[in-house]
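Student: If you scroll down you'll find the structure; I have some questions about it.
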Ligand code: AMP
């Protein structure tokens, strides 16, 4: 085994690249940052080295190539450049792995071609992920590069949970099925929740509620995902910041035939102008809670609709799992919004679910239990760490390859 212990995690979006350089010896962040507004002429790179003193530079990034080269320069300036012998691998977040990729995968030309073949089912995400991979490979062609898929953790869903009840041949022809997303987070958080309870992940059943600007729920039985709320795309399921979550598919036909909206307009409506934003004009839960506390009716409706959908998934996944040991809240809203956790679990004592108001109000960056001792189901707040999970999976693969 070589002495290289560092993994660079890259998350390339359509106009941004997020990165973290992690030392796998102790999980420490040697550097992290964000290059944004790629292709927009007014790019910005914010880089935080281990010393913690943030550096910000404004420079145009015509493309991902330019942005990644700027990131590489920042890392080199800290003495942790891409040519450093300590760098073991680069781990890439890839949104859609389809049915083929159910585990982290060493990137080859053939793998890249397959990720490209999945663009029709992930047109908003996979192209940027591919660009990130291509640029990183051109910078370090000799270094192992690993794709960690957002869909992979959900690949264990039984067929009856992954299927939509539509014509099987049509579904298969167009690869229409439920894939699920945020898998890296669900995997990390379900495992961390088990550890918080002092148990082996294989022994516990967990409902994970990943509530960020995007949001998804999952039912994890003994460390294995058995259902999740997102589907073919990240549009299905919970009410999100700007996405509707579940709607009757008939809404689409109606808006098209009666409302005269084009398919692209409906796509944009449901993905970008719906959810909390569509209901009340704000998608930041802080602002919504503030407005609701001042009596704003739209904000209260948005909050109540969000909570109602969340409770339906908690109840649904309780039935799917049969026995629930823990409910874990994570991501921006889940980790920070005590009123959301309280409302989502209120009145569920008959199901063994309760939240201690005092524990729930504690603000902390640590994983913590917020249910009282007597609660049969442990309710927990578990900060997610997708980058660390990607780095761990990447490192493990490189060292077993
Ligand atoms: P994420 O996508 O995980 O980064 O989550 C982002 C979302 O978390 C924001 O849009 C806010 O709605 C929410 N959020 C962040 N901080 C807080 C907070 N202190 N209280 C309530 N919601 C928060």
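Just so you know, glycine gets a Cβ as well, placed from its N, Cα and C.
Automatic prediction, not curation, is the source of TrEMBL annotations.
Got these off TrEMBL a minute ago, pasting:
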ACT_SITE  150  active site, proton donor/acceptor
BINDING   11, 386  Mg(2+) binding site
BINDING   18, 210, 211, 212, 213, 214, 284, 285, 286, 332, 333, 334, 335, 336  ATP binding site
BINDING   93  substrate binding site
SITE      182  site 'Transition state stabilizer'
SITE      243  site 'Transition state stabilizer'
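I'd like to know what surrounds each of these features in this structure.
Tutor: In sequence order, 93, 94, 95, 96, 97, 181, 182, 183, 184 constitute the residues six or more apart from residue 150 (active site, proton donor/acceptor) in its chain with CB-CB distances below 8 Å. Secondary structure from DSSP puts residue 150 (active site, proton donor/acceptor) in coil.
The DSSP secondary structure for residue 11 (Mg(2+) binding site) is strand. Within 10 Å of the C-beta atom of residue 11 (Mg(2+) binding site) sit 22 other C-beta atoms, taking all shown protein chains into account.
Within its own chain, residue 211 (ATP binding site) has 238, 310, 329, 330, 331, 332, 333, 334, 337, 340 as residues 6 or more apart in sequence whose C-beta sits under 8 angstroms from its own.
Annotation note: residue 93 (substrate binding site) sits in a strand segment as assigned by DSSP.
A coil conformation is recorded for residue 182 (site 'Transition state stabilizer') in the three-state DSSP classification, outside any helix or strand.
Residue 243 (site 'Transition state stabilizer') carries neither a helix nor a strand DSSP state and counts as coil.
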Student: For the binding-site residues 284, 335, 386, work out the Cβ neighbour count at 10 Å and name the residue with the minimum.
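Tutor: Least crowded of the binding-site residues 284, 335, 386, by Cβ count within 10 Å, is 284.
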Student: Could you say whether, by DSSP, residue 286 (ATP binding site) belongs to a helix, a strand or a coil region?
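Tutor: Looking at the DSSP assignment, residue 286 (ATP binding site) belongs to a helix.
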Student: How big is the Cα-to-Cα gap, in Å, between residue 286 (ATP binding site) and residue 243 (site 'Transition state stabilizer')?
Tutor: 18
Student: Return only the integer: C-alpha distance in Å from residue 11 (Mg(2+) binding site) to residue 213 (ATP binding site).
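Tutor: Roughly 17 Å, rounded to the nearest whole number.
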Student: Given residue 386 (Mg(2+) binding site) and residue 284 (ATP binding site), what distance in Å do their CA atoms have, once rounded to a whole number?
Tutor: 21
